[in-house]
Amino acid sequence: MAGEENFKEELRSQDASRNLNQHKVAGHPHSRSLEMLLRRFRAVHTKQDDKFANLLDAVGEFGTFQQRLVALTFIPSIMSAFFMFADHFVFTAQKPYCNTSWILAVGPHLSEAEQLNLTIPQAPNGSFLTCLMYLPVPWNLDSIIQFGLNDTDTCQDGWIYPDAKKRSLINEFDLVCGMETKKDTAQIMFMAGLLIGSLIFGLITDKMGRYPAILLSLLGLIIFGFGTAFVNSFHLYLFFRFGISQSVVGYAISSISLATEWLVGEHRAHAIILEHCFFAVGAMLLTGIAYSLPHWRLLFLVGGILVIPLISYIWILPESPRWLMMKGKVKEAKQVLCYAASVNKKTIPSNLLDELQLPRKKVTRASVLDFCKNRQLCKVTLVMSCVWFTVSYTYFTLNLRMRELGVSVHFRHMVPSIMEVPARLCCIFLLQQIGRKWSLAVTLLQAIIWCLLLLFLPEGEDGLRLKWPRCPATELKSMTILVLTLGEFSLAATVTVFFLYTAELLPTVLRATGLGLVSLASVAGAILSLTIISQTPSLLPIFLCCVLAIVAFSLSSLLPETRDQPLSESLKHSSQIRNKVKDIKTKETSSDDV
């Protein structure tokens, strides 16, 4: 209270100097100076009330311990991207033909072309019908050549893939001739895993701790990632993909929570940005390995071997001291902080450790129902969910639009992944200069511009060609691909900013659960994109991208700024700060009126 009274006296003294200069700037609102004073109030409040700010300063804001912690989050991020996008490289398109090896019994020396000519019916244009075959007859080879075959039926003995250069899931489990929808089933199962994993790991991370949740997610990557290479049926493959998706989203939630609570200020922002950069590196690594390997099982074997060393995290990963304090584990929190200080070659003053005591209510309790009961938390969560939904829907729509243009799968992953790294690194400058709120607004505005531009570009070689009569089709296609790539560039920056922003807005007791809830909105956006793209004209999805991006841009203005502010530990912490700020605003306004 004494510190607050001193700060109020400082406000009153600055009132006098401001009022003396007010006549020089006639009509200039005092909101800007008030905002500066409120920011200084938050800084004072941080030093007075956030014990962890002083403790982490004594431990070392970004010493050897924190650097090692950040580095430990990079490798699993690489492998998360590896397994998350592996689906896109194991469904290599293959042209099938019915297996007609029965004719080799009467003509063992037939070439492959001769076998197809005799046993596969042809379309009017001369191409072979891939899903039909001539039924076997008890004739000799000369009679078959002389009279030909007439009775056709669907493939009886499976399919062959004479032009296949790689072994993929398509020719492994014969996902052809009416079975192509199973590829969409794999996407649905992966999305279902993300949905369920967001809820489960959000609750686990807040109830059991960040450390156990990270270990569970890494164990899932090892078991389901490595085990996918040995599946003997497509249904088993779907089950393992379901497990991988839960592990991927679980690691994203728990690792962001851990890094947010161990780091302070701009170090926190830099760590999350770099973690996302390494996620893009994982996508590039996957693209390179998938391009060079001839068999889809080898892809998962390589990924499984690379993820096995992560078992060592059992012994080297720390728990979050903020979470330990919220759960009443004061002794464990002190031990973790002292260990971090020893690694950084620092000594924590005993008076700071003595201040780290439980309040009278002992353990801070919270549940999912608080997202409905607490008005401020409910408002923030709804706004964040809307933005997450928009970003996910737009990103998947742009990616699927690029696939419709016939762009190869390797280009669709390698080029955007390369561009995502500088896009995310640019966020460092934005966050330092204009803060979280305005950085989010800028990146969303860029996405809106690119989506609006896509509305005026042709949908294909014919589509809206009349709008561009003098421009060759190849140039139009290249222009569209460039705009799509720049749109993904902007969305990559938006994802990084908003991930950091979300983690800072949520209180420690419900941080992971809140991240899980907004991840649900993200998955819902992806599912909606897949549904609309497959059932509606391609112009409507892009139009919805523009509308949703404008709505998200408007809603983001309702979120408070979190730069230079302490992390909220409990549900009451942010309310107390907000009430104190309102009191200062009221007194400031009344003094101006006098």
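The backbone N, Cα and C atoms fix where each Cβ goes, and this holds for glycine too.
Heads up, TrEMBL stuff is auto-annotated, nobody curated it.
Annotation comment: TrEMBL describes 1-15, 580-594 as compositional bias 'Basic and acidic residues'. If you look up TrEMBL, you'll see 1-28, 570-594 marked as region 'Disordered'. According to TrEMBL, the domain 'Major facilitator superfamily (MFS) profile' annotation covers 119-563. The transmembrane segment annotation in TrEMBL covers 186-204, 211-231, 237-259, 271-292, 298-317, 380-398, 410-431, 438-458, 478-501, 513-533, 539-559.
In this chain, the transmembrane segment (380-398) does not touch the transmembrane segment (410-431); fewer than three CB pairs sit within less than 8 A of each other, excluding pairs fewer than 6 residues apart.
Long-range contacts of the transmembrane segment (298-317) within its own chain (CB-CB distance under 8 A, at least 6 residues past either end) are made by residues 68, 72, 75-76, 79, 82-83, 86, 89-90, 211, 214-215, 218, 221-222, 225-229, 286, 289-290. Where the transmembrane segment (539-559) meets the stretches 211-231, 438-458, 478-501, the count of C-beta pairs under 8 angstroms peaks at 438-458. The highest tally of CB pairs under 8 A with the transmembrane segment (380-398), across 211-231, 438-458, 513-533, is held by 513-533. Tertiary proximity for the transmembrane segment (211-231) is limited to same-chain residues at least six positions away from its ends with a CB under 8 Å from its CB atoms, namely 76, 79-80, 83, 201, 204-205, 237, 240-241, 243-244, 246-248, 250-251, 253-255, 258, 297-301, 303-305, 307-308, 310-311, 313-314, 317-320, 512.
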